[in-house]
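**Student:** Grabbed the feature section from TrEMBL, which reads as follows:
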{"type": "ACT_SITE", "residues": "Glu69", "note": "active site, proton acceptor"}
{"type": "BINDING", "residues": "Tyr16, Glu28, Glu76, Lys94, Asp95", "note": "ATP binding site"}
{"type": "BINDING", "residues": "Glu28, Glu76", "note": "divalent metal cation binding site"}
{"type": "BINDING", "residues": "Glu69, Ser98", "note": "substrate binding site"}
{"type": "TRANSMEM", "residues": "33-50", "note": "transmembrane segment"}
{"type": "TRANSMEM", "residues": "56-75", "note": "transmembrane segment"}
{"type": "TRANSMEM", "residues": "96-119", "note": "transmembrane segment"}
Amino acid sequence: MGIGRYLQQRILSFKYSFEGIAAFLRTEPHARVHAVATVLVVAAGFYYGLSASQWIPILIVIGLVWVTEMLNTVVEKIMDHLSPDYHPRVKWIKDVASGAVLVAAIIAAITGALIFIPIL
Ligand SMILES: Nc1ncnc2c1ncn2[C@@H]1O[C@H](COP(=O)(O)OP(=O)(O)OP(=O)(O)O)[C@@H](O)[C@H]1O
């Protein structure tokens, strides 16, 4: 594959990835909740003038919550597509995927509390 064609493919992959983010935001009510929470936390971060060492954990946990929520949504969609009927194995898969979001949310809440409570 020539370099031009390779770059063209990479640009196309980015385009599809952005389409995925847009589809997630457009179709999932959870995504809008995360978007509002992200805007509020980032606004609070600017308002209270967080340092770089405070921003880094905040940005990491924001990313952790977005990534787990997006992958959890993908797992739900895959299972609904492949196995629309009730099945205990589907329950296990969906519950564990949703548990991953909860783990991320708890870590994010603790991180936010450790950084913002002393400032407030
Ligand atoms: N096909 C199925 N077989 C067995 N259990 C299921 C099935 N579909 C859903 N469940 C159960 O219902 C729960 C919620 O699944 P659902 O796909 O409705 O996700 P949701 O309500 O959008 O969840 P979330 O709030 O995590 O996005 C699952 O965690 C699982 O316990």
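Placement of Cβ uses the backbone N, Cα and C atoms for every residue, glycine included.
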**Student:** Fewest neighbouring Cβ atoms within 10 Å: which of the binding-site residues Glu28, Glu76, Asp95?
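**Tutor:** Among the binding-site residues Glu28, Glu76, Asp95, the lowest count of other Cβ atoms within 10 Å belongs to Asp95.
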**Student:** Compare all C-alpha positions of Tyr16, Glu28, Glu76, Lys94, Asp95, the record's ATP binders, and send over the largest distance in angstrom.
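**Tutor:** Across Tyr16, Glu28, Glu76, Lys94, Asp95, the widest Cα separation comes out at 28 Å.
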**Student:** Using the alpha carbons only, what distance in Å do you get between Glu28 (ATP binding site) and Ser98 (substrate binding site) once rounded?
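**Tutor:** Between the alpha carbons of Glu28 (ATP binding site) and Ser98 (substrate binding site) there are 15 Å.
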**Student:** What is the Cβ neighbour count of Glu69 (active site, proton acceptor) at a 10 Å cut-off, with all protein chains included?
**Tutor:** 21
**Student:** Using CB under 6 Å from any atom of ligand 1, narrow the recorded positions Tyr16, Glu28, Glu69, Asp95 to the ones that qualify.
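**Tutor:** By the Cβ criterion, which requires under 6 Å to ligand 1, the hits are Asp95.
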**Student:** Tell me which of the binding-site residues Tyr16, Ser98 sits in the most Cβ-dense spot, judged by other Cβ atoms within 10 Å.
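**Tutor:** Top count of Cβ atoms within 10 Å goes to Ser98.
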**Student:** Just jot down the residues in the same chain as Lys94 (ATP binding site), at least 6 apart in sequence, with C-beta under 8 A of its C-beta; none if empty.
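**Tutor:** Listed in sequence order: Val75, Glu76, Met79.
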**Student:** To the nearest Å, how far is the Cα of Asp95 (ATP binding site) from the Cα of Glu69 (active site, proton acceptor)?
**Tutor:** 13
